[in-house]
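Q: Take this structure first; my questions come after.
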Amino acid sequence: MDNKLDVFRRELVDVQGIPLFWSIAEQWSQVESFEARPDDILISTYPKSGTTWISEILDLIYNNGDAEKCKRDAIYRRVPFMELIIPGITNGVEMLNNMQSPRLVKTHLPVQLLPSSFWKNDCKMIYVARNAKDVAVSYYYFHQMAKMHPEPGTWEEFLEKFMAGQVSFGPWYDHVKGWWEKRKEYRILYLFYEDMKEDPKCEIQKVLKFLEKDIPEEVVNKILYHSSFSVMKANPSANYTTMMKEEMDQSVSPFMRKGISGDWKNQFTVAQYEKFEEDYVKKMEESTLKFRSEI
């Protein structure tokens with residue numbers, strides 16, 4: 001495609017019942033046949049749930065807390081977004097195929113769309129879930145600056161789409177529940193964004209235990225410092241400022257916007273909150289999953 005701008009702001013395309021970027025849908029066979037390796041670590045989240053944060057933590061762990069090594073490249077190349085394929089711009093599958101093991105692999109796919117090779121290889125997976133209201137707000141601002149998404153419309157219009165699952169990667173509700181159930185069968189560490197905000201050191205220790213890595217206290221403290229929001233926000237290899245403006249326009253909204261829990265209270269009207277909560281209870285009542293909307 002000659003004009004790179006042709007790839008942006010296009011409508012989503014349905015893949016097995018899930019709306020995805022048109023370019024992922026076009027190249028779906030390439031994603032579906034992705035070959036996982038047994039020592040891959042998969043990072044899975046619904047969008048705007050702390051993906052970049054946990055990715056940076058894992059890269060710091062794999063580099064023994066050496067922040068300079070983690071500045072070797074942008075986070076989206078150190079931890080490739082497996083299914084993201086944009087003609088002439090990026091191809092997550094190809095990037096990963098060219099990487100040496102052990103690889104850190106990022107995905108936003110719901111559990112039913114994950115390439116089967118991850119299950120066959122019994123890969124370790126880390127899932128991070130964040131409360132729905134904060135995700136909806138963050139996703140709205142992300143749509144404004146990340147041009148692979150369709151135009152979000154007004155906040156009210158976007159919230160309706162979010163509740164209906166008519167956003168990229170489908171319904172938040174099914175996504176978090178699907179991965180929650182799957183953890184009973186496979187090696188999945190299920191973390192909560194709110195716990196990571198409240199006690200990041202404790203959550204990093206959980207990750208280390210899951211990965212069977214024993215590292216000294218001073219290295220853990222380094223990881224804690226270099227993965228903090230303020231340090232990452234100022235770090236060009238973590239904050240996506242190296243991405244071209246046509247793809248992500250940070251003058252519209254920064255990629256790392258606030259990084260807090262409870263910001264939804266600044267966005268939702270009382271009527272929106274009541275409608276959202278009523279709908280939420282119906283969709284989540286049969287699940288054992290419990291979220292905190294603030295800390």
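Backbone N, Cα and C define each Cβ position, glycine as well.
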Q: Looking at Swiss-Prot, which one out of F34, F81, F192, F210 binds substrate in the same site as K106, T107, H108, F142?
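A: For substrate, Swiss-Prot names K106, T107, H108, F142; of F34, F81, F192, F210, the listed one is F81.
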Q: At the level of the C-alpha atoms, what whole-angstrom distance separates K48 (3'-phosphoadenylyl sulfate binding site) and F81 (substrate binding site)?
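A: Here the two Cα atoms are 14 Å apart.
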Q: Taking the Cβ of G259 (3'-phosphoadenylyl sulfate binding site) as the reference point, list residues of the same chain whose Cβ is under 8 angstroms away and which are at least six residues distant in sequence.
A: W53, K197, F229, K233
Q: For F142 (substrate binding site), what is the secondary structure by DSSP, using just helix, strand and coil?
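A: The residue in question, F142 (substrate binding site), is helix (DSSP, three-state).
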Q: Far apart in sequence but close in space: which same-chain residues, 6 or more away, have a Cβ under 8 Å from H108 (substrate binding site)?
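A: For H108 (substrate binding site), the qualifying residues are S44, T45, Y46, P47, T51, F81, E83, S168, F169.
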Q: Just give me the nearest neighbour of T52 (3'-phosphoadenylyl sulfate binding site) among the binding-site residues K106, T107, F142, Cα to Cα.
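A: Sorting the binding-site residues by distance from T52 (3'-phosphoadenylyl sulfate binding site), the top entry is K106.
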Q: Name the one residue among G50, R130, Y193 whose Cα is closest in three-dimensional space to that of F142 (substrate binding site); these are the binding-site residues.
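A: If we rank G50, R130, Y193 by Cα distance to F142 (substrate binding site), first place goes to G50.
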